[in-house]
């Protein structure tokens, strides 16, 4: 074997040049105590609040309590693998979630892991789950409508892009149905939708996903799911993760985003469970003292951004479940005071057949009125007061049969207004069709019709206008207004159709 000293010395010199004596230092601690999804960690003196911690067996947790001699850490998964003495190291970063267009059409958990069996999510973008809300100067007033396709809401409790509108009511009153119908109605409107399921049954989440797929809504929707069987930690971070995904579309793609939190009552319960296990002092209803901040910092991230920042928006629809209609409980009053209005659903209305079961008296939209289209304002202006008068008179009418003509007329019209506002699930209506129906209802064209025929009459009238007078819906769609010329045309169409309808019924 022929040895070449010059080659050997060249290789040695090369190795010496490449050699670096950099040592990698990890901040490491160990577990003092573990159980119930909580680990007490000793030795991580420089740990940040909310920092992601990695345990030696690949389990991750989040630092929540920074105490004098230890850290209270909540675990995401794998609590059985964490025992006394398990090594823990800092990651130096807070909890992040993958974001970007790759998530559209996918079902993920709050950490960004896919749950739909469609393979890994290919994205290099990440955002922290906690992010500061836009300042006052970064925002502009809400001035564009977000149509839900539900007439009772679009007419009387209008929602604008960038608004936070609470959906509140007892269980089984159609809260999720309203949110899902609103997502379905965004088809073709260039709105990205995010549905965050917190503490729901897995079967309920699967049903929602199935509804969205059937309606073609998964093409523009991301589902973040943390079911009731998950650790409270994952339920706690789910809405923040969903909001970070929405912020990526709002800040960087300048898109309009709709996010549904279903529901924040279960979110507060998960946070309460975590806080009590961490030995934080309990307050009213055993919730910790910062439960208001829990929801306010989440909902303040919804905004209509200024034109300088691209003009994107996040519209939030948080859902709260009440117990026996008690809106004065702790969490409902908190969220009512944070949001820009609420849609209150009532059990009695639901079981009496009025669906959506919106209680018009208790529902309000504080900023959406500025975003409502002019045509809707014209036809629905007196709707709320007419319905309120009808409800009041209906109560008195139960006690006496001798009513004057004005009262009888108000009762007859009220019945037909209520009937016109009824809508089935997954039967959303374009705003121009809503204007046509409400014009008919508010201008007393339905007075001499039997109540049971009102809905079929309205449906036929919309078809009649769209086929015989297409310029009416076209103008409302294009301008958002109902000019006097168009109104005259609509009046003519209404009279023509009613004559035709009554002749066929005779």
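Backbone N, Cα and C atoms are what each Cβ position is placed from, and that goes for glycine too.
Per Swiss-Prot, these features apply:
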- 169, 170, 171, 172, 173, 174, 175, 176: ATP binding site (BINDING)
- 363: site 'Required for activity' (SITE)
Cβ neighbours within the same chain of residue 363 (site 'Required for activity') - under 8 Å, at least six residues apart: 156, 157, 341, 342, 343, 344
Additional residues around ATP, ordered along the sequence, whose Cβ is within 8 Å of the centroid of 169, 170, 171, 172, 173, 174, 175, 176: 321, 345, 347, 350
Cβ neighbour count within 10 Å of residue 176 (ATP binding site): 21
Of 172, 173 (the binding-site residues), the residue whose Cβ has the fewest other Cβ atoms within 10 Å: 172
Other C-beta atoms that fall within 10 angstroms of the C-beta of residue 170 (ATP binding site): 18
Around the Cβ of residue 171 (ATP binding site), the count of other Cβ atoms that are within 10 Å: 11
Helix, strand or coil at residue 172 (ATP binding site) [DSSP, three-state]: coil
Which of 169, 174, all binding-site residues, has a Cβ with the fewest other Cβ atoms inside 10 Å: 174
Neighbouring C-beta atoms (10 Å sphere around the C-beta of residue 175 (ATP binding site)): 26
